[in-house]
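Student: Have a look at this one.
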Amino acid sequence: MKAVVLTLAVLFLTGSQARHFWQRDEPRSSWDKIKDFATVYVDTVKDSGREYVAQFEASAFGKQLNLKLLDNWDSLSSTVSKLQEQLGPVTQEFWDNLEKETEGLREEMNKDLQEVRQKVQPYLDEFQKKWQEEVERYRQKVEPLGAELRESARQKLTELQEKLSPLAEELRDSARTHVDTLRTKLAPYSNELQQRLAARLESIKEGGGASLAEYQAKAREHLSVLSEKARPALEDLRQGLLPVLESFKASVQNVLDEATKKLNTQ
């Protein structure tokens, strides 16, 4: 639990925010991404699980056992869905509290990202401009060759390919040159961002020991509240599973009894 909140803040913020920093689109909330991923994962598990149960019951061994798991699966899925609905507000409250507690740290990280972005932006614009110029120059060189191809396609195909090959290599080499130049220019700013992040974490560890302990205590408190509020919903899930387990035990016992009778009569 040491630095749980710091790990969440740094991981989610520097990961998601940095990606949008390069793409220039509106960042989605890290908490929303986690909730969406959890929902998709649970739905996938339910769908794939139902498929496996159906395949098992369709097999010869499944027909012999006659466990009727598929009938109980829908009931179980309904119970799980009910559990999700009951836990929804609880988990939302947990993430809201955690997001609120790390707001100050996230704001500082965003400031650092914005400062570096402003410094780097001219180099990105320059790279984009040069790349567009290279593509336009390549297009102008290729266009006459395309006309040649249309005039005498079959006879000139080999010759055209030979002419295009060095042009493509030239474009590729130019792109590599521009990328290397951009990488060289951006390296100091990347190092600066890393140093700022390291300094920020170090200052929290050394000068903000109380804040770190406070983050840890609040995170534990939120987890404890989440556990207490989730307990009734988990109990409902357990009660919903009992009929499925009892049906399974009864079916297996019947199969064993029939097998024992057959062995005794032989």
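Placed from the backbone N, Cα and C atoms, the Cβ positions cover glycine too.
The shown structure was predicted, so the numbers you read here are calculated from the model rather than taken from an experiment.
Per Swiss-Prot, methionine sulfoxide is recorded for MET109. Marked as region '10 X approximate tandem repeats' by Swiss-Prot: 67-266. Per Swiss-Prot, the feature repeat '1' maps to 67-88. Residues annotated as repeat '2' in Swiss-Prot: 89-110. As annotated by Swiss-Prot, repeat '3' applies to 111-121. As annotated by Swiss-Prot, repeat '4' applies to 122-143. Summarising the annotation, Swiss-Prot assigns repeat '5' to 144-165. What Swiss-Prot lists as repeat '6' is 166-187. Annotation source Swiss-Prot lists repeat '7' at 188-209. Annotation source Swiss-Prot lists repeat '8' at 210-231. Residues or ranges marked as repeat '9' by Swiss-Prot: 232-242. Look at Swiss-Prot and you will find 243-266 tagged as repeat '10'. Taken from Swiss-Prot, the feature signal peptide applies to 1-18.
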Student: Ten-angstrom check, please: count other Cβ atoms within 10 Å of the Cβ of the residue listed as 'methionine sulfoxide', all chains counted.
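Tutor: There are 21 such Cβ atoms around the residue listed as 'methionine sulfoxide'.
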Student: Give the nonlocal contacts of the repeat '4' (122-143) in its own chain as ranges (CB under 8 Å, at least six residues past its ends).
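Tutor: Cβ under 8 Å, 6 or more out: 164, 167, 170-171, 174-175, 178-179, 181-182, 185-186.
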Student: What residues in the same chain, six or more past the boundaries of the repeat '6' (166-187), come closer than 8 Å to it by Cβ-Cβ distance?
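Tutor: For the repeat '6' (166-187), the sequence-distant neighbours (Cβ-Cβ under 8 Å, at least 6 residues beyond its ends) are 120, 123-124, 127, 130-131, 134-135, 138, 141-142.
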